[in-house]
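Per Swiss-Prot, the feature FAD binding site maps to Gly11, Gly12, Gly13, His14, Ala15, Gly16; the stated evidence is sequence analysis. The NAD(+) binding site feature in Swiss-Prot is assigned to 270-284; the stated evidence is sequence analysis.
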Amino acid sequence: MIHKFDVVVVGGGHAGCEAAAAAARAGARTALVTMRRDTIGVMSCNPAIGGIGKGQLVREVDALDGLMGRVADAAGIQFRLLNRRKGPAVRGPRTQADRKLYRQAMQAVISEQENLQVIEAEVHTLGMEHGRITHVGLSGDSQINCAAVVLTTGTFLRGLIHIGQKKIPAGRVNEPAAKGLSASMEAAGFKLGRLKTGTPPRLDGRTIEWNMLGFQKADEDPVPFSLLSEKIQNPQITCGITRTTTDTHRIIQENLDKSAMYSGQIEGIGPRYCPSIEDKIVKFGERDGHQIFLEPEGLDDHTVYPNGLSTSLPEEVQHAFLKTIPGLANAHVLQPGYAIEYDHVDPRELEPSLETRRVRGLFLAGQINGTTGYEEAAAQGVIAGINAASVASGSTTVVPSRTDAYIGVMIDDLVTRGVTEPYRMFTSRAEFRLSLRADNADERLTPRAIEWGVASKVRRDRFYKAEQELSDARELTKARGLTPNEAARHGIAVNQDGVRRSAYDLLSFADINIERLKAIWPELGSIAPKTCERLETEARYAVYLDRQVADAERVRREEGRSIPDGIDFDSVPGLSNELKYKLRQRRPRTLAEAQRIDGMTPAALALILVAIRQGEKIRGAA
């Protein structure tokens, strides 16, 4: 049987759902091909969305009218704004999610999406002619003719689960790996690498001694991810907190030779910033304990996810070390922890549109590009889906730049630097993080979504309303002001320079907020609370944004500057140990070469530039 679609998306995970929905919103007749319809939207690992850097990505996906933010709001059961006490530029919205509710909500929005059809099958082959995608071959000798394909295969490409010395070919527990597709990719000339990730054992919450634990509560005022979410409806839960002990560490040390990671059985490299418990014990042996968060997986589910205990040790060793952790002595293991290896493509094979250079019309998104995390996958999926629809219709492809979005930062990092380990997003990766905040994602990207034709009428109307309210509030505060003497009478300390300062200017002062200004100008009480928060943040950062842009420009001008052979990177203050090691190994000759080192940040590059200049001054004075 032969089907015909404009775009085919392979895989129904976080990248696949976003890619399929985005292509369909762009007007392409789209097929989402998945081995099992009931696993669309499954959270394979941790039951959480967002976090530092990751929460910004979710907001950006939502600003492009993507799905993840709305679905997380519908399924969230413990909302927390991380770094709440710090500045808005580094705050990260996060929620624990009910696995069942998340899957159900994602499947609902996929089924309701116009131009989108779900096909239950396995893709075995990619059809190409003259370097361009033409079709995909399915199980059962069917094929789908198409103009563009988006591969979002997650951990399924030749996936191999490791539990101790046991190996199980699978893409996820009890789900088969995809084997034919890897061979088809290699036949097309793609060189595949191996990466690895892991997951902890799942525990029965009814067998945990909760009275022995610390607790972490949800925020009292949960902040939704999506502009379209009015409020959070689900009850909010509490998570337990415990720690490993010296006995835990002893058992793990004694059994390292049985770990799939440390026995040499695993080829793939794992995510540095989500280490296994074996890695923690080996690399941080001086510590007497590591914190573990016990995260309930649902409102009516007894399963608990022990965040921080990812492992590939044998089941009997997992049982043994769990008994040494406070509160878990009698915990029943529902599913053992495991590591999983899978194939990936060097992302330097891609254009910034996420189309492969080798095969036109073929797009890649998610873990196949060497990233880790639901949020990173979803963000790539949106862009790949929009661009696949563009290729199918003969339109120009699009991509946010590093100055526009964390999505742009991530894609630029991937296609220019490649990966040596699974890539995850951090706020430190962005040069312009003061302007790439979670709270202004709509302002930055929804106009692009409207321009690209992927924003719904509901999204457009809500966005225009919010922007008009912010504009009105800005005008209202800029039209009211105080002289230094008037400010002093209201208890506001400013320089006695005779300059009149508007209410908007006063909001940039650390001790001034809109509530304090309402006492002076009661009419400011007409500004909605959400708008007040946006206005305060905008005013507070305005004075710093110009400086940030100037710093970035200075680094760009200096990219060709040579790095002296004798520079001691270990003596450069502020550099992380990770970067010091990579700099010693690579010995870059110029700042431009240093910039391409995986993990290099704009701030670190500026520190190296300062060290070079200081060395030049010392040599000049000698």
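Each Cβ is built from the backbone N, Cα and C atoms, and glycine gets one as well.
Where Swiss-Prot records a feature, it is marked here on the structure.
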residue	record	CB count, 10 Å
Gly13	FAD binding site	30
His14	FAD binding site	32
Gly270	NAD(+) binding site	23
Arg272	NAD(+) binding site	16
Cys274	NAD(+) binding site	19
Ser276	NAD(+) binding site	28
Glu278	NAD(+) binding site	23
Lys280	NAD(+) binding site	18
Val282	NAD(+) binding site	17
Phe284	NAD(+) binding site	11
In chain order, residues whose C-beta lies under 8 angstroms from the C-beta of Ala15 (FAD binding site), counting only those at least six residues away in the same chain, are Thr152, Gly154, Ala365, Gly366, Gln367, Ala377, Ala378, Gln380, Gly381, Ala384
Between the binding-site residues Gly12, Gly16, the one whose Cβ has the fewest other Cβ atoms within 10 Å is Gly12
Using a Cβ-Cβ cut-off under 8 angstroms and a sequence gap of six or more, which residues of the chain neighbour Gly11 (FAD binding site)? Val33, Thr34, Leu151, Thr152, Thr153, Gly154, Phe156, Gly366
So among Arg272, Cys274, Val282, Phe284, all listed as binding-site residues, which is physically nearest to Gly12 (FAD binding site)? Use the C-alpha atoms. Cys274
List, in sequence order, the residues of the same chain other than Gly11, Gly12, Gly13, His14, Ala15, Gly16 whose Cβ lies within 8 Å of the centroid of the Cβ atoms of the recorded FAD site. Val9, Cys17, Glu18, Ala19, Thr34, Ile40, Thr152, Gly154, Gly366, Ala377, Gly381
Secondary structure at Ala15 (FAD binding site) (DSSP, helix/strand/coil)? helix
Does DSSP put Lys280 (NAD(+) binding site) in a helix, in a strand, or in coil? helix
Could you give the Cα-Cα distance between Gly13 (FAD binding site) and Cys274 (NAD(+) binding site), in whole Å? 20
